[in-house]
Structure formats: structure tokens, C-alpha cells
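Colleague: Dropping the structure in here first, questions after.
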Amino acid sequence: MHKTWVLIKTMLKMQYSKAGGNSSQIWLLAIVIIFSIPLLALYIGILQNLISELYNVLQPLGQDSIIPGLLFLSIHMLLFLISLITVISAFYFAEDIESFIPFPLKAYQLLLGKAASPFLYLYLTSGAFFLPAFFIYGMVSDASLIFYFYGIILFILLPIIPFTVASILLMIVMRFVNIAKNKDRSKVLAGIFSLAFIIFINVVIRLNTNSNEMMADLAKFIQEKDGLLQMATSFYPPALFSTRALNETASSEGFLFFLLMIGLSLGAFFLFIWLGELFYLKGVLGLGSGNKRKISQKKMKKQITARPVWLAYIQKEIRIILRTPTFLMQCVIQSLFGPIFILILLMLDTANLSGFMNLFSEKHSILMLFIATLLILGGNATSISSISREGKSWHANLFLPLATKQIFYSKILTAWLINLLSIILILIIFIWLLHVPGEMIIIWLILALVANWFTSSLGTYLDFLKPKLNWTDEQEIFKARMIAFIALLLEAGIFGIIVLILWNIGVLEGLYTTSFILFLCLMAAIFTVQLLLNKKIKANEHQHI
Amino acid sequence: MIEIKNVTKDFPGNNKAIDSLNLTIPDGKIVGFLGPNGAGKSTTIKMMTGILPLDSGSITLNGFDIEKNALEAKRIFGYVPDQPDMFLRLKGIEYLNFIGDIFEVPKEIRAERIETLTKQFNIYDALDDYIQTFSHGMRQKIIVTGVLIHDPDIWILDEPLTGLDPKSSYMLKEMMRDHAAKGNTVFFSSHGLEVVEQLCDEVAIINKGRLIFYGNIDELRDEYHTDQSLEKVFLELTDDA
């Protein structure tokens, strides 16, 4: 037990240490907090309204239990999704496991050490989504003290089941992936496959729900007490048990459900350890090693080509992103999530949404399309890892005969190119699903390409301010760094205000005028970032990182 | 020729990592750079190659100032860093090609040099593999090959022989001799005193950021009136007492 604890502490320290860090993180944190307060108030307000409205409608019908029911159901789903991503990253993509394997430790101890960081994320997530809703529901329903006691324990148990299900799934998949020859590629494929699987399940469930039938069911279930809860959680007992425990705090039945939930979580935990002992090391050992093959004279001749320096540099950047599983996940796959998510929503409800654009004036439409695109582009991690990705190779940029500006502009261009994928995906959605008129698409496309340059250069500049080069594992670049959040906050903050102003100015109408103003603002923003970047380059700051 | 004039470098908390260093490395000679751990060898080399900025003083390589004419200076030297763990996700051939592009080596020359050098170093067959799968010695060899394909006038090598097998180590030493014999500059740091003894025309010894000796090995023995081994002399010289 002691060893496991030491291992957990060491692994967490490695991931979140501020080695080579600095104090300016503190003022960044302060800014983040100040910016977040109004958002937080808004969030709690909306939640409060929603829950009390729902409660007032459902309580007289005896169906109020559906509120915690849905809450548990959605939190479990969310935690499951997050588990998939964090588990595959922590258990399999992070190569620091190799430094722990020679120690006399059992597989389950390594697993528990590795699970610590994903668990922190899960608690943060459930803390942000579950706790406020739980307390509001408690207040609205005038709950007893036991309700809060049960709730807190259930909160502690929350991540265990989704995490276990996700990691067991992945451990089994990876056990077989490890047989494959090209480890890097199969690791990535396994990651993509797992995500595609979720999306597929999601679509199947949605497509199978016939709304007429559902209304008939609904009418039936609503007749009996807690009928809605039974219907919604019938395929997922943990949500049902948790809800029953909370809703029947007064009776012994509630206590039984509470015990059942504790038992279920404990069972899941031991199942995780047992299967981990069986599968984990077999799946992870040798995962970092590659395959060897001889090169033929002909192939070698073909590989040697002379290209201009900037092209060679960008090619190098893109190769490294595509070949490093962590970079591929963070920079490419995750950034496609936003558009894919919209795509799924739209596919399910095309009939209603194709007319969606007609609801708004041209001016309001372009403003909405613009800000949504900016958010998706700003969420991309390529630019904010431009320099940090280099790690120990960064010095090569300094001793090779490369102009500093060229290095930075090539990096910005790389981020821009990766973001083109998202833009193309959004473009497809706009044309085929939203039926956005051609004229507006062209204007949107111009704005998106320029906005892409803005987010790419701002991200690169922010990474330049505080790069993390001394990582031992690629994961560290993306964790415990607020840079992604700050980049998004700056982008969404500045352009959010601009869009809000343009939205409300009555004098300003029309697609062209609005777009032109947006274009000018973007140019000004790009100009400012370039100016800042050039200033730092001129001061030779790149030699100081 | 490399000229280091009055170079000083401070790090926070470490007063004068390099203290008014003056050193001229002439053409046609192999110069070994010695000093105990933390003496300032790597810092000096990093300043010579443009990785670290100078606090004061200047460094010129064949007349080009590393700060004022950085690009010109960087085009004429080849540098082998002490850690060869770079560009691990590239294949061997891709790395060499990348270096070829950056130094604008014509395609035919590049192909010929890659083939000759990697066959000599016995890594030709591994060129299509990721550098990540290479052993330490193989990584070292691919970096050395990268330096040699653009045929720079000045070689700056930080611990170049670490991790090399005897055959490759012998080959690299021969290459260093050939390069210097053609009138070029070879500057390398090492902890292996016997290598320095058999290979170097001159040695520079640095301790606590200051140059404490520059000259050939005989001069070193003369100066300290001893016929002891280089090891003994070195230990005495760099001893704190």
C-alpha cells in the first residue's frame, strides 16, 4: 500500500511539476479567475432556473426523480468519454511507464499510479457538473441531511464505474494491438477506433429512437410514480441505484440502494485491478519499440529530394505531429471533435435545422458562423504547442542555419494547415446540411482562413512566452498548462465583444459591411500579434528559453 | 578559425559561469577541450554555436560573428551535441534529407555522401527506421553523418566519441585528422583523457569558467615540470586546493 502511494505521488509530480516553471503563472491564474466569475454566476443561475422549473412541473406528477436520474446518467456518460481519452493517453501513449517497469512493482500498483491523473480529471469534471446541480436539486426539493451525506459519498464513487468500464475496454483492445508490427500507428488507430465507436453508438441510439413510439411510452410511464426514471435508466443500473438512494433517504430501501451502489463500485474497482493484472503489462510492454526493415537502394534514391528550406521544415513539423500518438490525438483528432459533434447533432435533426439559417438576418448569421468557427479554431492545440513540442530538439533550431522568423512562421503555417482540416469539415457541414447560401459561404471562408492565421499566430506567440521544453513525456505539454485556456479566453473574449457590439448596432446592417468590419478587426489582431512576436524575436528571446 | 574574445556568461544563482574567456582555435589543428563537470565546457560550446546568447564579448567563426552574422556563421560549422536524442520521430533518411535541405546540399552530392558515410558507419540498413528505435551509438552516428553531409569547414563536437563502438570511434578519429590535415578546424570536448592525448594537437583546459591552460601536451608537461600522465596533471590542475 505504501509503495502504491509513493508511486501515485511520484507519477503525479512528474506530470504536474513546475520544474523550470516560474511565478508569472500566478497572475495568469488571477486573470482566469476574474474572467470566470461572471461565467460561473451565469452557469449557476441557468442551472438553478432549469432545475427548479423542472421540479415544479414534475413534482406534482411524482416524476421528480428523473432529475437526479438524468443527472447521474449524463455525468456517467461524460465521465466514460473522458475516461477513454485520458486512460489511453495515460496508460498507453505516455512512455514514462518504461522507467517504472524495471522496479519490483506489481501491475496493479503501476495501474493505480497511472490512474491517479485521469481520476483527478474525472473529479474535476464531476465536481463542475455534478456538485452544483446536486446542491441546487437538494435545496429545491428541501432535502434532508442524509440526502447530502449520501450525495457526497456517491460523488466520491462517481468516476469509478465509468473509469473501470472504459479502461477494461481499452486494456482488452490494446492487448491485441500490441501484437501488431507498427506500434505507433496501431496505438493511434486504437484511439481513433475507440472514439469512432462511441460516435457510432451515439448515432445508432439516436436513430433508433422513434419519436412517436417514445411519446406513447412516455404517456404510459408517466402514469406510475418514478416511471420516467425507470424508463430512462433501465439500461444503466448505476444511475438508477444512485437516484433511488438519493430519493428515498427516509426509507430503508434508499439505504439498501446506497449500499448496493457502494458494493457495485467496489466490485468494479476490484475487477479493474484483477483484469489489469491480467492484461495491462501484456498490452504495454514493448509498445514503444518499433519495427526494423532494410532500405532498398531504389527506395533510398527516391527518398532523397531537394526541397526549399521552409517546405522541409513544415514537412518535418507535420511528420512529427502525425507520428507522435499524443500529438496526433491532441492536435488533430481532438480538434475535429467540435465539427464532428455538430455534424452528428445536425444529421439527427436535419429537417429542422436546414431552415435554421432562415431565422436570422444575413448579418446575424455571419456573426454566428464566425464566432463558432473562431471557437473551434481556437480550441486547436497545434499552435499552443508549437515550440513546446520540440522538447530537447529545440536547440537544433538555434544551431542550424535557420532564420528565426522562418522558424516561427513555419510553425504558424503548420498550425494553420492542421486547422484547415476543421475548416474543410465545417465547410462540408455548411454546404450540405445547413444549406448556407453560396455568397455567405465564400465570405465565411475568407474570414475563417484569416481567423485561422490569427489563432495560429496567437497560440504560437503564447507558447513562445512560456514554452515547456523539459518534458519527459509529450503529455506534459498539454497538462497542467493554462495556455490553451488563456488562448481561447483571449480569442473568444476579444472577438466575443466585437461580435456582440456588431450584433447590437442597428445602424450597421448587411452581410458585406459586417464581414468587412470583422475582416478589419482580424487584420488588426494579426498585425498586433505579429508585432509582439517580432519584438520578442528581435530581442533574441528564443535563445533564452 | 574560431576566436573567442572576452566572453562572459552569468546564470542566475551561478556567478560567472564563464569568466572573460579568451581562446583562439587555429586552422589545421585538432583542439581538445577539457575540464571537470560543471566547468563551463558545454556553456562555451553552446555560445559558440548560437544556442546561448553571450553576456559580453564576441565569438567569430572564420570571421563571421555568431551574434551579428548568425546565419553565415552557422552555415560554416557542423555541430554534434552531447545528447543525440533529436528528431526521434523522423526516419534516419528523413533526418539526413532535412539537414541536406537546410544546408542546401545538391541532391546528387547528398545521395552520394549519405550512401558512403552511412555504409562506413554501418547504419545504412537502418536508414528507413525511426531514429527513436536507434541505440545511443546509432543516434550519435546519424548526427555525425548529418554534420558531414554538408561538409562544414569547422567541426564542433561535444563528447563525440561517447557511445560509439571501437570501429566507429576509430573512423571518426581518422576523419577528424583528415579534416584538420586539410587546413580545417576541429574543436571537441571530451572526458576521455587518453583520446585527447593521442588525437589532439592542442588542448584547452577550463575550470570554473576560466581558461587555465592552452597549448600542446608537451608544453603542459613542461609548464608543470612533470612527466606524469595527463590524468595526473589534469587532476592537479583542476583540483580546488
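For all residues, glycine too, the Cβ spot is worked out from N, Cα and C.
Quick caveat, the model's predicted, so the values are computed rather than measured.
TrEMBL feature annotations, pasted as is:
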TRANSMEM  A:26-46  transmembrane segment
TRANSMEM  A:66-94  transmembrane segment
TRANSMEM  A:115-140  transmembrane segment
TRANSMEM  A:146-176  transmembrane segment
TRANSMEM  A:188-205  transmembrane segment
TRANSMEM  A:255-275  transmembrane segment
TRANSMEM  A:326-346  transmembrane segment
TRANSMEM  A:366-387  transmembrane segment
TRANSMEM  A:408-435  transmembrane segment
TRANSMEM  A:441-462  transmembrane segment
TRANSMEM  A:483-505  transmembrane segment
TRANSMEM  A:511-533  transmembrane segment
Colleague: Look at every Cβ pair spanning the transmembrane segment (A:255-275) and the transmembrane segment (A:366-387), keep those 6 or more apart in sequence, and say whether at least 3 of them are under 8 Å.
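Modeller: Not in contact, no.
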Colleague: Okay, the transmembrane segment (A:115-140) and the transmembrane segment (A:146-176): do they have at least three CB pairs under 8 Å, pairs separated by 6 or more?
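Modeller: Yes, these stretches are in contact.
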Colleague: For the transmembrane segment (A:66-94), give me same-chain residues lying six or more residues beyond its boundaries with a C-beta closer than 8 angstroms to one of its C-beta atoms, as numbers and ranges.
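Modeller: Cβ under 8 Å, 6 or more out: 51, 54-55, 58, 111, 114-115, 117-118, 121-122, 125-126, 129-130, 133-134, 137, 158-159, 161-163, 165-167, 169-171, 174, 187, 190-191, 194-195, 198, 228-229, 232-233, 236, 238-240, 242-243, 246-247, 280, 283-284, 287, 325-326, 329, 334, 473-475.
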Colleague: What stretch, picked from A:115-140, A:366-387, A:441-462, A:511-533, has the most CB pairs under 8 A with the transmembrane segment (A:483-505)?
Modeller: A:366-387
Colleague: Would you kindly list the residues that approach the transmembrane segment (A:366-387) from elsewhere in its chain, counting only those six or more residues past its ends and only Cβ-Cβ distances under 8 Å?
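Modeller: Same-chain contacts beyond the flanks: 321, 327, 330-332, 334-335, 338-339, 360, 394, 408, 411-412, 414-415, 418-419, 422-423, 426, 430, 436, 440, 443-444, 447-448, 451-452, 455-460, 462-464, 467, 469, 477-478, 483-484, 487-488, 491-492, 495-496, 499, 502-503, 511, 514-515, 518, 545.
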